[in-house]
Every structure is written in structure tokens, then in C-alpha cells.
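Undergrad: The annotation domain 'Inositol polyphosphate-related phosphatase' is assigned in TrEMBL to 18-141. Residues annotated as domain 'OCRL-1/2 ASH' in TrEMBL: 183-287. According to TrEMBL, the feature region 'Disordered' maps to 453-484, 498-517.
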């Protein structure tokens, strides 16, 4: 801040002019004359009658009338005129009338906005000097000026005191909100089971306070996708309060990342107050891991139920899945959770026709998933619920059960081509597919219910040489009957395939696998025959599996990506023929 501003606050927004001076001195050759006859004027000068000379002085007359230099003053003149002398002498030039051309004036502003009182100026001397360098005689004056001097110590104390008072006043009228319990903790979080916590915002101030959540620099969102604060903005009046609802839910698409430790449920929400200070809401929660949406390669290596596996071990599953092709073959062990469901349905066979199509509540689906996650026993008399969970579990795999062979499977025209299309598929996938089809036939009454669960479990124990890894992409048929989301039956629980597509089996792949085709087909037929060891009794005529059941099984085989609906139906029907 310029030094003059504390004394002249009114001129802060403009440049200073000479009229803003406390004391203004004006001096120089002003060239004013004396209005008197030359002979009379010279006589007065010779007689040193300065008062008579000054009565005729033009400058004094102009100041008095306000014509020029209004408001200016001059010290008492008691010396000869300063003009015009013979160069180099003290003799006045007779060719020009003498005059007081060289003057020193001063002015002080009248009391007003800028000054409470005029500056005190006292002229102690005002005279000319006998210097012969010019035809003028120089003049000089001495003044005493009383100026204001700031006491810096007192000034500093006053400044600090005023600043403190202003800050207190500003704080009083600054918008602010008190957050009651800013630390939010949720109970252990289960899949698709929402929780809600409430946070109270209280306005103890004197002005309304507007709030909103500040987007993070990470991705522009106010929080992680598992959380939903409501409302996200608002205004709270003085002496009032509002309640924020923080909702939390983990869906099936997010469950995998939390289960494998790629993400967590800890977050910080920044509640910003307009023209006030930001407040932070900390959120803490723990996700209970689930098998849903995990790849078969990870599920087959689980040593215990997923809920009993430590986070560090679960992170290793992610690493093993991503580096399996580099470090050796993927695990060919059975997926215990899938086989628990298959054995349950085997024991319940034969089942009603609507086993795969009946409506099942999300609560029942989650209950059975919880049993699979914890290793608890499955509830009794829950055939339809178990069947639905089996479809949900398989359709939510990141890659479809038929994997990269989806295109070939859709193109299969008969049973032999359907089995041949599976040549090269991972053994884990093959065993589950054969087991699913066999159990579906068994439950439909197409096969007898006398086959033991032990026989079915043998499918998972068949050794198999590892196959080469194939990129998972999807074939889009040009047939008019493409599978879309609306073509398939909606489940109460929302599931999606982690990989959108599977690759069409091309000529190169078919040629590559041709030499092994007959061997693989023979193995598949042998596996299918495990549950065909007992023939139907004469009292039990063969039942036909309906189109609704086939459509319900399609997501378990092909996932939920788009494809050739008729081709998929044909493949599932061929597999159900055994």
C-alpha cells in the first residue's frame, strides 16, 4: 500500500495531483510587472518605498482577485525589485521598468475531506541576492512547515487491533457448517445388500450456508462408485440443520475388484462450503469377498471357501490368473462351488419343469451365494433357487463357459459338431459344461435319478493336458435372430459377463485342432456317459426338455454377450441330447 493512502484514502483510485499536496510551493520567473509610471516607480525604488511598489504589483492583485494563483500566499517583500539589471552590475537598467518577476509562493489546502486542519507554514526569511550572473536577481526564502509524523509503534498496535476485530467480524458472518460425526463406518458389506448412514449438517452461524461435494482430481467424481451421497448440494439456513444420506452398495460388476484386493471401500468426501472452509467426511467399510464374477482359473485354485481366504492370498489369485500362460498351465482342479450346486440338483432329481425358469427372489439368490462363499450347508428344498444361482454364477464369469469356442459352438449343426467344437477348451470349462448338461437332463427326467453324486464328481477328476491360451472375443452372427439383452430372461440379480465377446472359431484354429478332434470327442462322450450308466425304467418315459429351459441355460453356457440366438439354442439342445 502506498504510504500516502492511509492519509489520503479518497485518492486511492486515481493519480495524485498537485492539488492533493499538504503544502505546495511554486517558484520561478513568473514575469509579473508593476502597474505604475516609470518615473514614479523609479522614485519609489530609489526611496525604498516597497509598500507603494507592491500596491501596484500585478501578481498580488491577481491573487487577491482570484484571477490566478488563487489561494497562494507569499512572504513579506522587503527587498528591491529583482528585474532588470545591467548585466554584471547592481544598476537597474533604465530601458526597462523594474519589477518583482522572480517570486516564491506557497499554498495550503483549506480544511475539508482530505484535511481536518490546514498545514502550518511560517516564512522566516524572504530576500534577493546580489549575484550578477544574470539581468535577474535570484530570490530565496526559508520556511518552517509542521508535518504529521506517524508513531510507528502505536500505528502498528492500532493496525493489529483493527485487523483482529475485522477477522472476528468476518468469522462471525462467514458461512460454516458443523458436521456431526464426520467419520462414517459401515457394517461388513455383502454383495448387493445396501447400507445407509446418516450425517447431520448443522448451521450454527448467522448467515445461510450453501454446500456441495467437491469432485476429486482423480476422475472428476465426488466419491467412489459404491457410494451415493444425497443430496449432493443444498443451502441450510442459520440455526437449522439438514441430514445427508450416504448409501453404499456393491454390485456384481464391482465385487471382483474388491474380492481380489484391486480396490477398497475407504474414501474421503470433500464437503465444500461456499465462501467457507472445506470439511472432510471419511468413509470406512470392509467388503466380504464373494466368488461371483471371479474367473474359473481363480475359483479352481481356491484352497478354502473364499470368505476364509486372506486378502494376500486373494491378491495372489489375481496375479496367477494374469500370468498363468507365462508361468505354466492354468489349474485344472474342480471348482468346488459349482460342483456343490450340481450335486445338490442331482440329489433332487427329477425336478419340476420350471426348475430353470421359475422366478426366484434376489434374497434367495444371495442367501445361497453366501453359503458358497462361507462353506455353509445349502438350505434344504431350494431346488429352483440353487438352479438359478448356478446360472447366475456361470453367466457372470468374466469369460463365457465356452470361451473362445463360442463362434464354433453357435455354428454346430448336430451333436457331433457340437462336441467337436469344444476341442481345445480348458478342461475345467469342459467338465463344468458336461456336468451342467448332464444334470439338466437328469433333473428333466431324461436320465434316471439313480446316478450318484460321486459319479458326477468324476468329471472334475479326469486329467487333461493343458491347452494353449486363446484370446476371448465374441462372434456376432449375421443371422436376424441375434441375442440381445431383451431376448434373454432377466434375473432378479443383475449379472454381466466381464468380457464382452468370444472369438469365432476360424479355419486356422479348426485345422490346428483337427488332429486331436476325434480323441477329445471320445473323451467328452465318455464323460457324458458317466451319468448314463443306468437306463430309464419302463415306467418312466423319456421327457422332452422345452425351449424355455434351453433359453434359461444359454447364459450359463455363452454368457450374456450378444450372439446368434438360434445357433446357441441348437448347441445347447445338442449338448442336452448327450
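Each Cβ is built from the backbone N, Cα and C atoms, and glycine gets one as well.
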Undergrad: Could you break down the residues of the domain 'OCRL-1/2 ASH' (183-287) into DSSP helix, strand and coil, giving a count for each?
TA: 8 helix, 49 strand, 48 coil
Undergrad: In the domain 'Inositol polyphosphate-related phosphatase' (18-141), how many residues does DSSP call helix, how many strand, and how many coil?
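TA: DSSP classes over the domain 'Inositol polyphosphate-related phosphatase' (18-141) add up to 26 helix, 32 strand, 66 coil.
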Undergrad: What is the average pLDDT across the domain 'OCRL-1/2 ASH' (183-287)?
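TA: Over the domain 'OCRL-1/2 ASH' (183-287), the predicted model scores a mean pLDDT of 94.
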